[in-house]
Structures are given as structure tokens and as C-alpha cells.
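Listed in Swiss-Prot for this protein:
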REGION    1-104  region 'Disordered'
COMPBIAS  36-47  compositional bias 'Pro residues'
COMPBIAS  49-58  compositional bias 'Low complexity'
COMPBIAS  75-85  compositional bias 'Polar residues'
ACT_SITE  204  active site
ACT_SITE  260  active site
């Protein structure tokens, strides 16, 4: 079991997170001792969790048209300016119209970038595994740093963030498997085009033999809830099914994984590094297998098309067509899903231990790079993150995406 994990090295005085905590003492009104207030977590939640949380959790902004964050955020104007900055010689903002997948996909098969001007919600999970073998040190700090950064710099309100950490008294705020899955559903529920959702996981990651044949290396990536010994792990396929598949065109989900073997933790098909594109799907082949029809019917809201395609799936699958049974559905999405992670899937658990891949490296480098220059393109940010990581770690950053990404566009969130 433990050979799937890295052991976190003692950070001593060198923990990189200290650097940005010292530069910007976060004015956290709740203090780091207590959890931030989380409506819907106090009492056992009604309607199986996040259905109808109390006030402030999911209220639409007032119908003024210009109050981007429901009028709550004093820093709103400064953040909205991203777009005007983008034209002054900086990277261009994302296009507002749908973009074709191209690369052999059927005509009309498209996705949409999010302008990230809508509602914002964040789910941050940090697990130190207190009292368990393989206890980690910095994971809870990672997500507290990230929540402060999102709140101060990107207009994420505290009441629209859920933090699951294993130092909290409230059982609903413990990062158990049930709580994590429930929170993932809450995160994506009712998301609209141009919303910006954020997911951060800091804890143990590992690999398990891939049962559905969709991973090239024969392993699925997994994350380990605090109660994994009783409840089991959570596989990348399940995270994709809950957090990626339901998203409509134009919804952004940004994910950051601070864990070993997180390179494909959301099962996204396009992977970019500082060197350019590392991996892209064979869409012509997927189209030939009928895999792309389901997504585009879903994106159009054409449920009748979806049902008939799905029935076609079943018929062919029962004939034993291996490709159909294997890659149940394409991993592309009409939404705008991106994921930042360190290193590569191919890194073995032994390499991870020898390389001392430290939990927290990715989120620390992400925050540090954006603090130094908030106006970067995707490829500039990849390079900035690589430069930050190179000062302390051997791992390289990679950016995975649900669609082909124009890496020269302005990075927005």
C-alpha cells in the first residue's frame, strides 16, 4: 500500500509555502485555528448534502447585469480589468464564441472557453493523515494558503468555498470519501457558462490497475481520502464523471493536484508542457467509433439524440466491440476544464520517493508565479511555474485540458 505514496520530507525552515505566507500575512478573519464558516456543513446537510444550502451559498447575483460576484467583492473592478489589460500588448483574452475541436472531429463539434466573469465556487481538500502511517505535514497549509489567495486575488468569497481538512472538529468538514464525493457534486451543481469553479487536492495520490482500459500506462490515478482504509480510494474515472462530464459549454473548472501520480487525475485528453503539446486524442478515430456524438448531443441539450446514441452504444457493445466497451465515452468536453499538476504519469512510485516529490510544490509554484505576474498567457504561466519549481524540486509542471488549448491566450480564472 505505502509504496504508492511518497513520504513527505520534513520541510524544516525550507518549506516554500513559508515564503509567500511571510510576504503577505493573510488577513484571514477566521484565524487558522478554526475552520472558515461553511454553510451547509454545520448541521447534517438537508437533501443529501449540497442540494439547498443556506443563504449566500448559491444565490444568483442581483439582476443589475454588472455585479459580477453578486456585488459582494470590493476587489471586483480590479479583477474584471483583466480583459482590458489583455489588449495592451499582453496576451489576448479568450474568445467568446464556440471553438471547433478540429483535428478530425465532426464539423460542429465544439467547446467554449469561460471568460470567468460569472459565479465562483471552490472546493479545497487538504489531508495530513494525522496518526496514520504515511502522515504528511504541509497539506492543510497548502489549501489554507490557496483559499486565502483565491479570496484576496480572484474574488472567491469565503461562503462559496468548502474546505475539507482533517484538523476540523465538524464531522462534515472531514475529508472522508463520502464528504469528498458529496462536495464534488456541490461544486459543479447548477454551473452556468462563464462561471469559474476551482478544485484543489493536497494529499496522498497513487495508482491502481486500470480496470476499464482507458489509461495508456495501465493504471488509474487515485486519491486517498482520510478514511481510505475503511472506505477505499477515489479513482480518476469517478472524478471525471462527477466534475467534468456534467459541465456545460463555457464553464471553467480549474483543478490543482499536489500529489504523486496526479498527471491524469481528471482524465483530461490534451496535455501540455513547457515544450508544447505532449498528448492529444485521436478524434478522427473516436468519431469513427461514435464516441463524439454523445457529447455534442449533450452540449446542444438534445437529449433525444443522446438516448438513441446511447442505445446504439449498447447494441454495439453487446456485439463485443472492444473499443466501445473499453472507452465508454470520450474524455473531451464542451466545457473549459484545465488541470495543473506536477511530473508525469510515467513516474513510478519508486522514482517519486527517490525524487522526493513534495506535496505542496504545485500549488506553491502556481501562486508564486501568478503573484509575480498576474497577466500571463497559459504558456508563459507554464514556464513561470517551471522556473519556480526548478528552484526546489525536480518535477516539471504540466497542464491538462478537456479541449485543444490556445496556449497564447491570457490565463484567466
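Cβ from N, Cα, C; glycine included.
On the backbone, the CA of residue 204 (active site) and the CA of residue 260 (active site) stand 7 Å apart. Within 10 Å of the C-beta atom of residue 204 (active site) sit 29 other C-beta atoms, taking all shown protein chains into account. DSSP gives residue 260 (active site) a coil state; it is part of no helix or strand.
Taking the Cβ of residue 260 (active site) as centre and 10 Å as the limit, one finds 27 other Cβ atoms among all the protein chains shown.
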